[in-house]
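One structure is given below, encoded as C-alpha cells.
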Amino acid sequence: MLLASDRLLQPLWDFLLFRHYTLVSSPFFPVLLAFSCYFIFSVPFAILDVLGERAPLFEYKIQKQRRPTVGMMLRTLGTAVYNHLVFVLPAVLITNVVMPAPPLPAVAPTVWELISGALGVLLIFDTQYFFWHLVHHKNPHLYRWVHAIHHDYISPFSWSTQHLSAVELMTVGFWSNIDPSLLKCHPLTIWTLSVFSIWMSVEDHIGYDLPYSPGAMAHDIHHQKPSSNFAPFFSHWDRLFGTAVTVKPSKKIDKEK
C-alpha cells in the first residue's frame, strides 16, 4: 500500500489544499477553471486572426479566404458568457444544494491513477459525444433546434469553441461531471482532465493546421463538410462508421479540377 509520501503528486496536492483550499473546495471552482482555460487558450489565436496576413503563423491558416471579424469574436464570446451566467452557474448552485460535494481527499492520486482515469473518461466521453453528434446531424429537427448554432461559421475560430446552444452545453457539462464520478476519479484528475479537454476543444477550432496540431484540420473539415469527423478526441468511431475524412475538401476539389 502506497503512503502519501510515496506519491509524486502529493506535494502539488498538499500545496493546493493548504494554500488554496477555499478556492479549490468551492463548487464553482471547476466552472471557473474551465472558463478561464477557454479564455486564456483562445486569446493568442484571436490575436493571430486580427493580424491576418501579418500574423507569423498565417501560412498555417486552413481557410485563408475566411477570417473572423471582431464582431464575430464578440458574438461567440458573448454566447459563452451568457450560457454560463444563465444556465451553468445556477445549475452548479442547485446541484450543490441537492447533492453537496464530498470533502477533498487528503491523499493525491498516483501518476498511473491520474493518467488511466483521464484516459478512461476521454474514451467514454468520446463515445457519448460521437453518437450524440451523429444523431443531431442526421435528425433535421435536433440539428435545427440544438446543434445548428455551432455551425454558424464554416471556418471555425478559437472563440467559436463554446458557441453552443444551452442544451448542448448542459449535455456536455453533464457528461463531464458524471463520467469522472462513474470512474471514481480523484479531483486532481478531474481538474487536469478539464484543462486538457478544454485545450483540445479550443485547438480543434483554431483554424490553423500547426505542425503539432492533432485535431484542428479534422474539425475544420467537419465545419466545411458537416457529415464527417464527428468524434471530439479520437478517430476510431469515425473510422468504424465511415465518417472519417482526412483530406481538406477544398484541396480535394482543386485536385479534381
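Please read every residue number as a count from 1 along the shown chain.
Each residue, glycine too, has its Cβ placed from N, Cα and C.
Unlike curated entries, TrEMBL annotations are predicted automatically.
These features come from TrEMBL:
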type: TRANSMEM; residues: 28-51; note: transmembrane segment
type: TRANSMEM; residues: 72-94; note: transmembrane segment
type: TRANSMEM; residues: 114-135; note: transmembrane segment
type: DOMAIN; residues: 120-243; note: domain 'Fatty acid hydroxylase'
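Same-chain residues lying 6+ beyond the ends of the transmembrane segment (72-94) with a Cβ under 8 Å from its Cβ atoms: 27-28, 31, 35, 38, 42, 46, 49, 149, 153, 157, 159-160, 162-164, 166, 169-170, 173. Here the domain 'Fatty acid hydroxylase' (120-243) returns a mean pLDDT of 96 for the predicted model. For the domain 'Fatty acid hydroxylase' (120-243), the DSSP-based tally of helix, strand and coil residues reads 87 helix, 1 strand, 36 coil.
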